[in-house]
Protein chains: 6
Amino acid sequence: MVEIKDMLGDRFITRYDGRKVDELRPVRITRHFTDAPEGSVLIECGSTRVMCTATFTPSVPRWRKDSGLGWVTAEYAMLPRATSERTDRDSVRGRIGGRTHEISRLIGRCLRGIIDMKALGENQIQLDCDVLQADGGTRTASVTGAYVALVDALRWAEEHHHIKFADKVIKDCVSAVSVGIVDGTPMLDLPYLEDSQAMTDMNVAMTGAGEFIELQGTAEHRPFTRDELDTLLDLAAKGNKELQTAQRAALAQD
Amino acid sequence: MVEIKDMLGDRFITRYDGRKVDELRPVRITRHFTDAPEGSVLIECGSTRVMCTATFTPSVPRWRKDSGLGWVTAEYAMLPRATSERTDRDSVRGRIGGRTHEISRLIGRCLRGIIDMKALGENQIQLDCDVLQADGGTRTASVTGAYVALVDALRWAEEHHHIKFADKVIKDCVSAVSVGIVDGTPMLDLPYLEDSQAMTDMNVAMTGAGEFIELQGTAEHRPFTRDELDTLLDLAAKGNKELQTAQRAALAQD
Amino acid sequence: MVEIKDMLGDRFITRYDGRKVDELRPVRITRHFTDAPEGSVLIECGSTRVMCTATFTPSVPRWRKDSGLGWVTAEYAMLPRATSERTDRDSVRGRIGGRTHEISRLIGRCLRGIIDMKALGENQIQLDCDVLQADGGTRTASVTGAYVALVDALRWAEEHHHIKFADKVIKDCVSAVSVGIVDGTPMLDLPYLEDSQAMTDMNVAMTGAGEFIELQGTAEHRPFTRDELDTLLDLAAKGNKELQTAQRAALAQD
Amino acid sequence: MVEIKDMLGDRFITRYDGRKVDELRPVRITRHFTDAPEGSVLIECGSTRVMCTATFTPSVPRWRKDSGLGWVTAEYAMLPRATSERTDRDSVRGRIGGRTHEISRLIGRCLRGIIDMKALGENQIQLDCDVLQADGGTRTASVTGAYVALVDALRWAEEHHHIKFADKVIKDCVSAVSVGIVDGTPMLDLPYLEDSQAMTDMNVAMTGAGEFIELQGTAEHRPFTRDELDTLLDLAAKGNKELQTAQRAALAQD
Amino acid sequence: MVEIKDMLGDRFITRYDGRKVDELRPVRITRHFTDAPEGSVLIECGSTRVMCTATFTPSVPRWRKDSGLGWVTAEYAMLPRATSERTDRDSVRGRIGGRTHEISRLIGRCLRGIIDMKALGENQIQLDCDVLQADGGTRTASVTGAYVALVDALRWAEEHHHIKFADKVIKDCVSAVSVGIVDGTPMLDLPYLEDSQAMTDMNVAMTGAGEFIELQGTAEHRPFTRDELDTLLDLAAKGNKELQTAQRAALAQD
Amino acid sequence: MVEIKDMLGDRFITRYDGRKVDELRPVRITRHFTDAPEGSVLIECGSTRVMCTATFTPSVPRWRKDSGLGWVTAEYAMLPRATSERTDRDSVRGRIGGRTHEISRLIGRCLRGIIDMKALGENQIQLDCDVLQADGGTRTASVTGAYVALVDALRWAEEHHHIKFADKVIKDCVSAVSVGIVDGTPMLDLPYLEDSQAMTDMNVAMTGAGEFIELQGTAEHRPFTRDELDTLLDLAAKGNKELQTAQRAALAQD
């Protein structure tokens, strides 16, 4: 990561949890976390913990019927006490919050981005990402974990002869990571404390080939420059590469 | 359990999982399962797994203001793939299902039944019971686990000087267990397979003193007699005693 | 009722309305209360008044199609000024309250408990219980009244050749009554004033054969003992027997 | 009714229920129908039966605070089997239907039209009109019945010293009736059978002074002429006069 | 307009915008306001501006299938800042307000009143009336504008061979106008300022033949007499005649 | 635009509407489009037409009280026939769609990104962006138009002494534009036809200083490379610069 070193120069940055600016939090991926789903993964990125399940259904929604194509969709939700203050359930409020909607849609797009819908055939995969504990980066952890659950569901579908080759359905792997600018310094993988004071905050989903699936950068506190963007993208590329190594390692086990 | 033996006589009953008719499934209670809540418990009863969190708030709902009394309330929910078929989220359907409502209210009543509202003072405890995996008895496991989370939240409140003595707030412990009649035989702690074919199905919440807090028996397939009821209550008493031993053991650890 | 006398010994209990502890409020069942429904009953238990209608439909909900089985379901609601304080309509609040849901489900289970779904065939009966005036025991009055409306609807269906024999569809009669412990004394059929101060409150639905369909006991204020439970069940048995006599008398008229 | 005779000339019109074209259905007004509300009226117009309750609250909605003025509002609803086909409850559908909304608003306007809001002071009256049985004219019966319930609630408020003089609050009486053109013939007070085949259908609310509060005419099948309108208004004037006689008679009793 | 002059006698009435009591605000009808809809009209009545679109669908709702008849329906809505104070969106509040419902239904009935459903065949037309700016008379402007959009949609359908003759589907034209009594004086076409202080307010939809489709008069502040009604209807007849001239002129252009 | 020329080399790209790949559609900004709002703008980008209003309220939402800071929020919606197929209203479906939520939030963030909340003081600005006609780029047109409405509302607030200096509240201007890769070619400002077949689609909001406020890139059909991203950002920078010229021109008029 030449660029990052250059940018920071000799300045010595201490993050509150002792990590370097380009260092991920510890990642742990547990497959077969629960028994019922076709894919069930617990992903832990530092203190953030998301349960990702994949449900395989041998049919598609009505609007997709007779297209020969499959469908992948996602729903994201947070348990009420995933956060330090309790948040009311969407079901109690009677409507899904805008943030929930937005994240669900993001996860769905990321996973659809690496699926060959024709190879999937008229089958549907529903990804449920439920945050048990939230410490920043819940949406990116969801993408990274959901990919593993998706692969498990496709392997299950192959075994049960719903699809021919799971491998042909998956065009590449996908992971996501957050990056941001805190106190003027671009950083990788922000926990809540850093995220809440970031000037800019960006979520980047990338394929194994290093290409982008989703890129969402927001500057509520201070606009960011093209140079800052470049550094953030370098950090994200590094982080995603490491997350994909963790995904491969988890999927290699049995 | 003299009565049960008597009733069954010499008949040899094999349950599909090898248990005796008056035997609980293995119980495991993990405290401090997540970090944010004042009380956070994972309870596992066989394959049923429920995450119970307790949120302490130093105030009460508006209708309870200036009463000098506290309040305890509960919400129950199931993750979409807790079950073998995926169920739609209440939030997506835009309304809380009747079953969810009913169970939330049951859990709330059970916990309120052992709390001294005066000693609690104008503080509120919200219990959230989220089923990660469902294999029968999710509502009773919720009660049993929520009690432990509630105690932890009260201990936290004592430490943080919101209440004086946690012990004075809790009048007794409470646990709950399901019993039912399967193929004519009364049984303790039904997993889904037995529950779905039970003629009668009963949930019994009891205090440490062996008294009843809640009793809900339903006969969709065949009415039950007073004698059968007596046997079911004996089984429930035995099961609850054992669950309370597990609660105490968990709370003794640090 | 030997047991009750025994328990109370020589103590002289005066209920505020002059009834004995094991005495029902006056019951009045008016059939054909309105013209449109296949079954239409006004049941009055003391000041509690519930209008119960039964709607017969010669088809079943989609999930029940091609099962050869019928379906019975119930909805309970209270008019806004059934109570001394006006309560907002569920329709205005945009969602059905938890209590309403819970009671609707209870009534449905009670009635399903005495119906032979095979004999009913692929027909549905919807029971609507609308409380015109509430003075305690509205859910139990609903069960008792709905049974009569159900029989009328089945007789109508027999006359109109939708089913062969109404009598074969109904396996037994069902009624329900509330019992509770007020000031330490178990009592039958609690009006609102007693109900609101009861330590324990139980609803018991029984068949004509004296068996249980539903049993729901709750102790918000003080747990109840096994002995108290036994007394309550004796009271409930007595009350249900008398309610069933009233049902039979109403159904004998033409 | 000179005009009506003139218009019909010698033509002999037989209505299916034997009434003359300018004849009301039998009206019956029962006060104190239930005990809890400040005003409680059952009004029967032929087979149409509406329960009208009036709730007096010694305060006004927030937007009306400190205006020195009172408020009157109304809610209309139909029980599911008021009609020959069961209609789903608004609460189950999760939203109030357009027709329900429209009628609730109409009733509210009619009653507000005869109330002196200043004399009422900062008090609110909520009228609930629940249709037990529907055979045409449910909204007009609601207006006519709600007026009587309103008077009772105001008398109650006078007795309980919430207002000084009930009589000063009520500027005039109000009643409503439906008229319509069936097969080319203008008629008074249409039951469902006539209403459903009417070319034009009009609801007319009038004061005791014979002036209009609300006039709603609709021609779904055939536009109506100015002459027809005049005849309809004559019929409505006659009907409302008779309904007001019935109101006065009911209110004279004690 | 003999009657109006007579009634006002020599009194000289100045309306705040300089109009005479029987004078319409300037009307402007712009066809083809947007490109996508089959009919798209912007109608301006003074400062009131409503965008009316007509959507032609070659099928009918399920309940209308196989009837051989078409269907016409309407939806009315106001943009949040059509008014001087911002009003919350119905979508944000999660439910359609009563006023919105009432007006949508009114518009639908008016348009259905001039359509030959048989000639339309099993086709549906949905009218959307969205108020861009509100200065009184939005519902009547919606009716007047929707008629023009409807005609355009039918002409489109004729061109695209969905229907044979647009002219046979339309039995007559329809327009609507508001009238009201302000300070004791009957007036035509009330802007918001007059409307908000009107004692009586009436909306009148009439056909080209001068007959009534809808008549809705409301007296929140003071009942109105039969004589006043007659004057109001004269004013409405004059106004509608002029609006229909504007409709014809707009439809004559190409 | 050196980079773009370079990338495309000699290849001659014809867009279906004759534009060059780095050419915006014609932009037209009409201020004071309606009278009631403090800011009211019609923005037209090609066939896309969005009405943007800004509502100034001299107070903030409750959660923002006593912070000394202002608030800016936005709501986006589409009229039913903005599109070639009619879409149901959110209000009719009873819930706001995910896409609507997502876009509303995006617009809000963009505008907040250039506001000095301290200088705004405890005042709120609500932006309503209603799409009258949709031909791609509705969310970016909304941002660009909402900025102009926002400035007008702040000028109004300055004139009416709610704020001191409108210019101090606005830190910079903001506009947004869409870019995408169609058939392998990066292009600026995609209309619906191009957008629907784009491999990658990106929305870029930038300040007058050329910095980023929001960056949202999505690759549903094919991931995009870092090089492609760079070209897209160049195109977006060019487009935004031109849009800001149009904003300035509109705001210079009076």
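A Cβ is built for glycine as well, from the same backbone N, Cα and C atoms used for every other residue.
Because the structure is a prediction, the values reported are computed rather than measured.
TrEMBL names E:GLY137, E:THR138, E:ARG139 as phosphate ligands; from the candidate set E:ARG93, E:ARG95, E:ARG99, the record adds E:ARG99 to that same site. For E:THR138 (phosphate binding site), the same-chain residues lying six or more positions away in sequence with a CB closer than 8 A to its CB are E:THR48, E:VAL50, E:TYR76, E:MET78, E:ALA82, E:ILE103, E:VAL131.
Shown are the binding-site residues E:ARG99, E:ARG139; of these, the residue with the fewest other Cβ atoms within 10 Å is E:ARG99.
Excluding the listed site residues E:ARG99, E:GLY137, E:THR138, E:ARG139, the same chain places E:TYR76, E:ILE103, E:VAL131, E:ALA134, E:GLY136, E:THR140, E:ALA141, E:SER142, E:ASN203 with Cβ atoms within 8 Å of the centre of the phosphate site Cβ atoms. Under DSSP, the residues of the domain 'Exoribonuclease phosphorolytic' (E:173-239) split into helix, strand and coil as follows: 18 helix, 29 strand, 20 coil. Computed over the domain 'Exoribonuclease phosphorolytic' (E:23-153), the whole-number mean pLDDT of the model equals 95.
Largest Cα-to-Cα span within the phosphate-binding set E:ARG99, E:GLY137, E:THR138, E:ARG139: 14 Å.
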